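Enquirer: Next up is a structure, given as structure tokens.
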Amino acid sequence: MESLYRQGVWMAEALQQNSRSLEDLWLVASHMGDPKAAVLLVFPVVFYIHRRTGIAVLWVAALSEWLNLVFKWILFGERPYWWIGQSGLFSEKPPEVQQFQSTCESGPGSPSGHAMVTSAVWWVIISSLASFSQAYTGSKILSAVLYLLYAVFLGCVGLSRIFILAHFPHQVVAGLLTGVLLGVFLKRSVPERRPLLFFFRFSMALLGAALIFHAVLEKTGIDLSWSISLAKRWCSRSEWVRMDTAPFSSLNRDAGVLLGLGLAQYWKPGGWTLPRAPRTLCLALSSLALHYISRFPLPTVPPLLFYSLFFLKYSIVPQVVMVLVPGFVHLLTAKPKRE
């Protein structure tokens, strides 16, 4: 693996030196590939365009990120920003690279979660768009263009993760391929109109299974906090190592989102049928609400309190998008019945 890691560092160095003018593009691409962007940015937009596809986006995002966490616990995987210093191989001639605010994620590196979740979620969206365009226009060229744009977007997300030193190239490729396979598989079973008990059990199963697996690995002598220690040691700025990028934060986000999805469908099973203009208003209000929810600060001590509140925070997201905001807009725009 050492040779693979060396080549990855050289590629990151070359990418930073030769595309410095594209730094803003890479940072935006990395942000758009963040698993939480699938929940906070992509889900509302898709949901107000097509309800079932929006639910599929949330479902696939949660399950693919959870599986990514399990894979990382099994495969470990270094990250470039800490491996450069930890390996001791570059003491004489360190690579000319820099870290960024989004570099210092504290979980293991393989496979890339950004690549895996993004490729899974956007497969659901692009394949749905391609099916729609094929049905209404009969144009295979348009479908091909959509899949080409999908590939270009994934390429940008993957390169951005290498550029900011968050992942090695082989970790990105592994994440992209695994994500596409998950997108194809999970799209077949979208839990629309499933009972609340289904989501409650699924949410608790994700939490329970991950915690049991974590405990078993620790019992065998595997220290799963190794990556957090390395992140704190080698990140160039300590404030860039945040609890919301830790593995247990991902776990609680996924479980919270699924429980919230169940609650949203329980409160209003069929949702509201709104015309295009009210749906646009819903999107604007939801985006504003989710912006403030995502930025709401949580106490980081004790950790159990942080993770519990993090779970609740993301369980609110589907309810805001699917129930609270559409219900409010429905009340505002509904025409009074004539007697």
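Cβ coordinates come from backbone N, Cα and C, glycine included.
Sharing the feature lines straight out of Swiss-Prot:
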ACT_SITE  His114  active site, proton donor
ACT_SITE  His167  active site, nucleophile
BINDING   Arg79, Arg161  substrate binding site
TOPO_DOM  1-26  topological domain 'Lumenal'
TOPO_DOM  48-54  topological domain 'Cytoplasmic'
TOPO_DOM  76-114  topological domain 'Lumenal'
TOPO_DOM  133-143  topological domain 'Cytoplasmic'
TOPO_DOM  165-169  topological domain 'Lumenal'
TOPO_DOM  187-195  topological domain 'Cytoplasmic'
TOPO_DOM  217-308  topological domain 'Lumenal'
TOPO_DOM  330-339  topological domain 'Cytoplasmic'
TRANSMEM  27-47  transmembrane segment
TRANSMEM  55-75  transmembrane segment
TRANSMEM  115-132  transmembrane segment
TRANSMEM  144-164  transmembrane segment
TRANSMEM  170-186  transmembrane segment
TRANSMEM  196-216  transmembrane segment
TRANSMEM  309-329  transmembrane segment
Enquirer: Rounded to the nearest angstrom, how far is the Cα of the residue listed as 'active site, proton donor' from the Cα of Arg161 (substrate binding site)?
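Expert: On Cα coordinates alone, these residues lie 8 Å apart.
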Enquirer: Do the transmembrane segment (115-132) and the transmembrane segment (196-216) come together with 3 or more C-beta pairs under 8 Å, pairs six or more apart in sequence?
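Expert: In this chain the transmembrane segment (115-132) does not contact the transmembrane segment (196-216) - fewer than 3 Cβ pairs sit under 8 Å.
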Enquirer: Would you kindly list the residues that approach the topological domain 'Cytoplasmic' (187-195) from elsewhere in its chain, counting only those six or more residues past its ends and only Cβ-Cβ distances under 8 Å?
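Expert: Cβ under 8 Å, 6 or more out: 51-52, 55-56, 59-60, 123-124, 127, 261-262, 265-266, 269.
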Enquirer: Counting a contact as 3 or more Cβ pairs under 8 Å, with residues at least 6 apart in sequence, do the transmembrane segment (196-216) and the transmembrane segment (55-75) touch?
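Expert: Yes, the transmembrane segment (196-216) contacts the transmembrane segment (55-75).
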Enquirer: Fewest other C-beta atoms within 10 angstroms of its own C-beta: which of the recorded positions Arg79, His167 fits that?
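Expert: Among the recorded positions Arg79, His167, the sparsest Cβ neighbourhood within 10 Å belongs to Arg79.
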Enquirer: Mean pLDDT across the topological domain 'Lumenal' (76-114), rounded to an integer, is what?
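Expert: A mean pLDDT of 94 is what the model gives the topological domain 'Lumenal' (76-114).
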Enquirer: Could you tell me how many residues in the topological domain 'Lumenal' (165-169) are helical, how many are strand and how many are coil under DSSP?
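Expert: The topological domain 'Lumenal' (165-169) comes out at 1 helix, 0 strand, 4 coil.
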Enquirer: List, by number or range, the same-chain residues at least 6 past the transmembrane segment (27-47) whose CB is under 8 A from its CB atoms?
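Expert: For the transmembrane segment (27-47), the list is 53-55, 57-58, 61-62, 65, 68, 100, 102, 113-115, 117-118, 121, 125, 153, 156-157, 159-161, 163-164, 166, 250, 253, 257, 283, 286-287, 290-291, 294, 314, 317-318, 321-322.
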Enquirer: Same-chain residues six or more away whose CB lies under 8 A from the CB of His114 (active site, proton donor)?
Expert: Ser30, Gly33, Asp34, Pro35, Val157, Arg161, Ala166, His167, Gly175
Enquirer: Can you tell me whether DSSP puts Arg79 (substrate binding site) in helix, strand or coil?
Expert: coil
Enquirer: May I ask for the residues of the chain that lie six or more residues beyond the topological domain 'Lumenal' (165-169) and have a Cβ under 8 Å from a Cβ within it?
Expert: 4-5, 7-9, 11-12, 30, 77-81, 84, 97, 99-100, 102-103, 105, 109-110, 112, 114-115, 158, 175
Enquirer: Once the chains shown are all counted, how many other Cβ atoms turn up within 10 Å of the Cβ of Arg161 (substrate binding site)?
Expert: 32
Enquirer: By DSSP, how many residues in the topological domain 'Cytoplasmic' (133-143) are helix, how many strand, and how many coil?
Expert: 9 helix, 0 strand, 2 coil
Enquirer: When secondary structure is assigned with DSSP, how many helix, strand and coil residues does the topological domain 'Lumenal' (217-308) contain?
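Expert: Helix (H, G, I), strand (E, B), coil: 65 helix, 0 strand, 27 coil.
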